[in-house]
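Trainee: I grabbed these lines from TrEMBL:
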TRANSMEM  42-64  transmembrane segment
TRANSMEM  76-98  transmembrane segment
TRANSMEM  189-207  transmembrane segment
TRANSMEM  228-248  transmembrane segment
TRANSMEM  268-290  transmembrane segment
TRANSMEM  406-425  transmembrane segment
TRANSMEM  437-457  transmembrane segment
Amino acid sequence: QKLLASVPNYKMLYFSPPLSHCYVKPGWYYFGRKMETADFEWLMWFSTFRDHIIFALSGHVLFAKICSMLAPQYRSLVYMVYGLLAVWTSMGWTYVTLILSHCILLYSISLVKIRWLCFVTGLCTLATFKCEPFISWQAGFVEGDFELRPVFFYGGCGFTIMRCMSFALENCERKDGNYNILELLKYNFYLPFFYFGPIMTFDKFYVQVNRCDLTRKEREMWNINLQGVIHLIVIIVVDILFHFMYILTIPTDLKLMKHLSDWALVGLAYFNLVYDWVKAAVMFGVINTVSRLDHLDPPKPPKCITMLYVFAETHFDRGINDWLCKYVYNYLGGKHENMVEELVATLCTFGITILWLGPCQVVLIWAFLNCFGLNFELWTAKFFSVEPFSSFEMAMSEAMSRRIRAIFNTFNFWSIVLYNVLALNSLDFAKLVAKRLLLKGFPITTILVMFVTYCLIQVIKEQERRQENLKLNEKKLQ
């Protein structure tokens with residue numbers, strides 16, 4: 001309110017589009033204030049369909065626990081049956097038939113054990129959910145008309161294709177025989193991962209879900225319970241903040257943005273990314289907590305945006321990131337030392353990412369900038385690894401080398417922020433932030449922001465150095 005009150009004619013701006021068009025359902029009033037409604041995913045998970053999601057996941061946990069106690073050798077089969085019935089109940093038998101047809105198609109192709117053929121088939125199948133008339137035809141298989149219908153449809157189908165591709169590629173790598181189609185169905189219809197991910201590659205899922213020893217490590221249940229409590233607290237805090245901080249809706253009003261100070265605009269861009277990281281960490285964290293109760297080790301939540309200063313570690317979905325790295329980026333890039341191989345690997349990786357997200361102007365620009373950033377890091381590292389730069393660095397102390405690297409990482413950090421603000425908000429908002437930070441705000445705002453960022457990166461590097469030393473000491477003691 002202070003921010004808005006500082007703007008001339010703030011009452012007109014506050015109720016002008018697009019701020020005023022956000023639909024607020026009855027009951028979404030706490031503390032006498034309207035709730036931020038710009039993020040559909042958060043509202044779906046923790047407001048609108050919270051009870052349905054809790055009911056479905058609670059049922060999964062209950063049946064999984066009973067099976068683990070009575071017949072642990074059949075627990076993967078119980079996961080599949082419960083997931084299949086849950087999908088059938090929510091989306092209808094015709095949708096289940098559609099999903100099964102994609103599974104059978106990719107399973108049949110995997111029997112040939114030709115890697116490139118599995119990739120081409122999987123990507124072509126994924127493309128059918130991104131272009132007409134295939135979308136409308138496949139969407140007709142979904143029965144009923146409810147608010148989550150498109151979310152469930154695209155989420156379930158998209159993740160199914162990625163899981164089937166993982167199965168097919170792992171089957172190609174298997175030297176003796178083939179995996180059974182039942183293993184594919186168990187993998188695909190595991191309910192916690194079915195609609196919203198994260199993606200766990202088939203090789204990891206297969207080993208963990210068929211493990212006979214279900215004994216837990218010391219304090220493992222304590223850690224799982226603690227993780228659940230932390231997620232609950234974060235959900236409550238974010239829900240409360242949504243009634244006071246409209247950080248997602250405000251950037252859509254460019255008239256309002258032009259009246260903000262440079263610091264307010266830069267801070268708003270940064271907190272948009274922080275919120276998106278919190279959302280991803282909580283949503284995947286809830287799913288991960290359930291899967292850990294099933295004795296699985298799911299992909300970890302994404303790395304905090306504040307800790308990201310290199311493009312190689314930038315991701316908001318660690319499951320998709322692991323999938324792309326395993327089957328595309330590392331497979332084509334090798335040791336990531338050759339510039340041509342790295343370029344081909346990154347182009348193919350972001351090409352698949354564009355198809356996964358859906359080709360559009362914003363996604364294409366985002367992919368190009370991140371692809372360039374990733375390659376530019378390699379080019380810079382190669383350039384400074386030759387003489388006389390390598391000799392200069394060898395002559396420096398470790399601390400001085402870290403300080404110089406932190407200067408380059410500072411620019412990297414804000415490149416990552418700007419590139420991802422583009423994807424999360426809009427091209428206009430990203431351009432406005434970049435213009436204020438680099439041009440209009442120069443030199444005072446630019447230098448101050450970069451200096452604060454530089455200090456932050458130094459702290460992060462020091463923390464990473466200590467953690468690395470701690471791990472080395474633990475290995476020596478072992």
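One is the number of the first residue shown, and numbering goes on along the chain from there.
Glycine residues also receive a Cβ, built from the backbone N, Cα and C atoms like all the rest.
What you see is a predicted model, and the numbers here were worked out from it, not measured in a lab.
Just tell me what is around each of these and how deep it sits.
Mentor: Cβ atoms under 8 Å from those of the transmembrane segment (42-64) belong to residues 25, 28, 35, 75, 78-79, 82-83, 86, 90, 147-148, 151, 191-192, 235, 238-239, 242, 279, 283, 286, 290, 293-294 of the same chain, restricted to positions at least 6 beyond its ends.
Residues 56-57, 60, 79-80, 82-84, 86-87, 151-152, 155-156, 159-160, 162-163, 166-167, 170, 179, 183, 283-284, 287-288, 290-291, 294, 296-299, 317-320, 322-323, 326 of the same chain, all 6+ positions outside the transmembrane segment (189-207), place their C-beta atoms under 8 angstroms from a C-beta of that stretch.
Within its own chain, the transmembrane segment (268-290) is flanked in space by residues 39, 41-42, 45, 57, 60-61, 192-193, 196-198, 224, 227-228, 230-231, 234-235, 238, 245, 247-248, 250-251, 260, 298-302, 304-306, 316-319, 417-418, 420-421, 424-425, 429-430, 433, which lie at least six positions past its ends and keep a Cβ under 8 Å from the stretch.
Counting only same-chain residues 6+ beyond the ends of the transmembrane segment (406-425), those with a CB under 8 A from a CB of the stretch are 251-252, 269-270, 272-273, 276, 305, 308-311, 314, 316, 362-363, 365-366, 369-370, 373, 377, 380, 433-434, 437, 449-450, 453-454, 456-458, 461.
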